[in-house]
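Down below is the structure, laid out as structure tokens.
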Amino acid sequence: FPLFLQMTARLMLAVGGAVLGSLQFGYNTGVINAPQKVIEDFYNRTWLYRYEEPISPATLTTLWSLSVAIFSVGGMIGSFSVGLFVNRFGRRNSMLMSNVLAFLSAILMGFSKMALSFEMLILGRFIIGLYSGLTTGFVPMYVGEVSPTALRGALGTFHQLGIVLGILIAQVFGLDLIMGNESLWPLLLGFIFVPALLQCIILPFAPESPRFLLINRNEENKAKSVLKKLRGTTDVSSDLQEMKEESRQMMREKKVTIMELFRSPMYRQPILIAIVLQLSQQLSGINAVFYYSTSIFEKAGVEQPVYATIGSGVVNTAFTVVSLFVVERAGRRTLHLIGLAGMAGCAVLMTIALTLL
């Protein structure tokens, strides 16, 4: 708790504005789950209107699976494009620019029912996937670069906190009595307009990353001014020195190709660790669980599967908050290993349970 006393108003504004992008990612991960049946009914009605015959179960399953999975396809493509934006436009400006994708997606998905077009919904899911792929690179990078060293680990978990809060909000809004019903599901999908608008209002008042200003733009005075505002102190010499040292090391190192990253003993271990860390999260199966949790609970005989899904979202959020306060004490590696062990055990239990059902 004493560490959080280092938080200044400008730092809170910067981090809060940035993690709205993380919240968008989480929201769009969880939002497609609850209204599955009403959206499938929309697909069926649209098909009947166009072709004057009901949609076949196989085609309906294909369209629904495409609606869910294309979000991840967009995310994969977007994540490869992060470097193109952040080094040219800066971290903050890249986040602002990416909201064009969020607005476009909100329009496509929000008006898909009115236009009787499931293609608009699927395209909207792909575009918001592109946005989410970009923000998974922009947000942690920006938050890490504006944070003091002592708070970097704790504030870094705000990205994940934003994601799980987004999932939880989507699960709650997806309730039949709120927006997960026949008349309001387009509003549920188009709601992404709101956090995108909020981010566009907040981020212009947040500073650009001091690391980007110093290392990429060579604007030391601007970087120093930004650091003073972020830290709430006039003495930012240690932060500047750290970034200058990093810049010198980067200049000494020659540029390497992707193949050289794997061939060189110097880079092989760090790149393998980075890849395995990302794979361990994605292959844990947590996204698949949240995509299909309502169906899983329904198959398990739960009377109110939507509320069980919300319960899983609450647990997810609660433990992310716990990690916020223990990450600096317990360490990243220890917490990650504990989490992996827990996920492995749960995956085994879930597989056995689903096989027996």
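Using the three backbone atoms N, Cα and C, a Cβ is placed for every residue, glycine included.
Since we're looking at a predicted model, the values are computed, not measured.
Features reported for this protein in TrEMBL:
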type	residues	note
DOMAIN	14-357	domain 'Major facilitator superfamily (MFS) profile'
TRANSMEM	7-27	transmembrane segment
TRANSMEM	63-86	transmembrane segment
TRANSMEM	98-116	transmembrane segment
TRANSMEM	122-143	transmembrane segment
TRANSMEM	155-178	transmembrane segment
TRANSMEM	184-206	transmembrane segment
TRANSMEM	271-294	transmembrane segment
TRANSMEM	306-327	transmembrane segment
TRANSMEM	334-356	transmembrane segment
To the transmembrane segment (122-143), which of 63-86, 155-178, 184-206, 306-327, 334-356 is linked by the most Cβ pairs under 8 Å? 63-86
Averaged over the domain 'Major facilitator superfamily (MFS) profile' (14-357), what pLDDT does the prediction give? 90
Same-chain residues near the transmembrane segment (155-178), Cβ under 8 Å, at least 6 residues beyond its ends: 15, 19-31, 33-35, 136, 139-140, 143-144, 147, 184, 188, 191, 290, 306, 309-310, 313-314, 316-317, 320-321, 323-324, 327
